[in-house]
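Here's the structure we're looking at; comments come further down.
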Amino acid sequence: MTRTPVNVTVTGAAGQIGYALLFRIASGHLLGADVPVKLRLLEIPQGLKAAEGTAMELDDCAFPLLRGIDISDDPNVAFDGANVALLVGARPRTKGMERGDLLEANGGIFKPQGAAINAHAADDIKVLVVGNPANTNALIAQAAAPDVPAERFTAMTRLDHNRAVSQLAQKTGTPVSEIRKLTIWGNHSATQYPDIFHAEVAGKNAAEAVGDQAWLADTFIPTVAKRGAAIIEARGASSAASAANAAIDHVHTWVNGTAAGDWTSMGIPSDGSYGVPEGLISSFPVTTKDGKYEIVQGLEINDFSRERIDASVRELSEEREAVRGLGLL
Ligand SMILES: NC(=O)c1ccc[n+]([C@@H]2O[C@H](COP(=O)([O-])OP(=O)(O)OC[C@H]3O[C@@H](n4cnc5c(N)ncnc54)[C@H](O)[C@@H]3O)[C@@H](O)[C@H]2O)c1
Ligand SMILES: O=C(O)C[C@H](O)C(=O)O
């Protein structure tokens, strides 16, 4: 039986991340090797021509799973019937800029997009916000979509998760495939907290395997938390291929499930777990199954972790207040 194609809307399709992302969606990495997709690309008017060029290249790949590409500068058209929405289009951070500086510039983009999702997306819509500041942009879009279940709006911390896995693998001389149960808590920003106290390296507790508190506090955490800025400094542009890869991982895991004995990190609306105020879109350890996620419960949080989780969550609360003040919530 031929499966109905899944409509995947990508905003900012002509940008750097878009260019790295679209080809992988079309080749089956987002949803699975047997799932046909239709791409709906949203750009601003100045980006339409470049999006058309990318669409020509997508055609030229003759991807068997790609069943159509529509391009629009109207969110009401681009989100019509969307099953998955990847909100990438935003203004990227440039050298010396903190993510907070972007709140006002990008807030205006996510409110109308949330409203268009509310009015036109399919009932099973799943939204991933990549554009920064991702957690608070997701909150803005969610607030503008009162008819969509709040938990369908998520923000990307999978890139941070993958960065942390890689750093830990390198430190312990272990393959990435042997690292499990790592957690990113809080905001996708320099305050995020990559937590290895419950992680495992080849089945052993990661903090014990590392056995080096100074490395954890002074090297690992800052390296992961400031990796985005380090990439901007080195490349002169923000991370693109690794961000696209993380977006693929986030949605693939959400739809297809986490492996037994492991979890992942997602920015999701808090239900109050671990003392994170309800409603903030904060990163948590989650397991996924049948297209739904659940926060991993019952983890013991030591003082070192508590302090860092609280600091990042405080920043999220401040961002929420700031966008409230701007009338975006
Ligand atoms: N969450 C993460 O881990 C993570 C990682 C890397 C980058 N990012 C963020 O992703 C975003 C995109 O990065 P990029 O490198 O692709 O930037 P880019 O500037 O190359 O591309 C952004 C694209 O978005 C388009 N755009 C702007 N406003 C739009 C709107 N209202 N509707 C549709 N399209 C719109 C632009 O025309 C442009 O083509 C940035 O905010 C960046 O900071 C997030
Ligand atoms: O840090 C940035 O501004 C880009 C992105 O969010 C990243 O983490 O690479």
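Just so you know, glycine gets a Cβ as well, placed from its N, Cα and C.
Bear in mind that TrEMBL entries carry predicted annotations, made automatically and left uncurated.
Marked as domain 'Lactate/malate dehydrogenase N-terminal' by TrEMBL: 7-146.
What TrEMBL lists as NAD(+) binding site is Gly12, Ala13, Ala14, Gly15, Gln16, Ile17, Gly18, Asn106, Gln113, Val130, Gly131, Asn132. Cβ contacts within 10 Å of Gly12 (NAD(+) binding site), excluding its own Cβ and spanning all protein chains shown: 25.
For Arg93, Arg99, Asn132, Arg163, the entry in TrEMBL reads substrate binding site. Annotation note: Arg163 (substrate binding site) sits in a helical segment as assigned by DSSP. Around the Cβ of Arg163 (substrate binding site), 21 further Cβ atoms fall within 10 Å across all displayed protein chains.
Residues annotated as domain 'Lactate/malate dehydrogenase C-terminal' in TrEMBL: 157-321.
Among the features that TrEMBL reports, active site, proton acceptor is placed at His188. For the recorded site, His188 (active site, proton acceptor), the DSSP three-state label reads coil. In this view, His188 (active site, proton acceptor) is surrounded by 32 other Cβ atoms within 10 Å of its Cβ, with every protein chain counted.
Taken in sequence order, the binding-site residues Gly12, Gln113, Asn132 that lie near ligand 2, meaning a CB under 6 Å from one of its atoms, are Asn132. For Gln113 (NAD(+) binding site), applying a Cβ distance below 8 Å and a minimum sequence separation of six or more within one chain yields Thr11, Leu42, Pro75, Phe79, Leu87, Ala141, Ala144. Rounded to a whole value, the Cα-Cα separation of Gly18 (NAD(+) binding site) and Asn132 (substrate binding site) is 14 Å. Applying DSSP to the domain 'Lactate/malate dehydrogenase N-terminal' (7-146) sorts its residues as follows: 63 helix, 26 strand, 51 coil.
Sequence-distant contacts of Gly131 (NAD(+) binding site), defined as residues of its own chain at least six apart whose C-beta falls under 8 angstroms from its C-beta, comprise Thr11, Gly12, Leu87, Val88, Gly89, Ala90, Asn106, Ile109, Phe110, Asn137.
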